[in-house]
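Report on the structure given below.
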Amino acid sequence: MTKQRTLSIIKPDAVEKNVIGEIYSRFEKAGLRIIAAKMKHLSKAEAEGFYAVHKDRPFFSALVEFMISGPVIIQVLEGENAIAKNRELMGATNPKEAKAGTIRADFADSIDANAVHGSDAEDTAAQEIRYFFSDTEIFG
């Protein structure tokens, strides 16, 4: 077992639905510690920078517009196999394909408004965490 850190974002649709506490409870019940957190309304430049890896994909503009449509909650999760554990909690990107009981199955409306983001690998987790948090903002 490897202790890892991963970035998680509760997206504007889930913030609007007021399910932040329910999502945090799932993280904690799965053994993930929230070691940094902030609420932020992303600027267009911040959203474009964060999702730059997708800039040539057809959904990029819609994704950026969605991510700046309201506030998000950004957190760093820490725990054993945190990346895989968080991805399991989130469920499939498309909530229609997500297993019952996952965050996306329970709280997401569509593949676009899919409630949460989570890092997919250790290198991207480290990069994504650095994008939003300085070392002095992380307590773990």
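Including glycine, each Cβ sits where the backbone N, Cα and C put it.
Database features, via Swiss-Prot:
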| type | residues | note |
| --- | --- | --- |
| BINDING | LYS11, PHE59, ARG87, THR93, ARG104, ASN114 | ATP binding site |
| ACT_SITE | HIS117 | active site, pros-phosphohistidine intermediate |
Where ARG104 (ATP binding site) falls in three-state DSSP terms: helix
Cα separation, HIS117 (active site, pros-phosphohistidine intermediate) to LYS11 (ATP binding site) (Å, whole number): 7
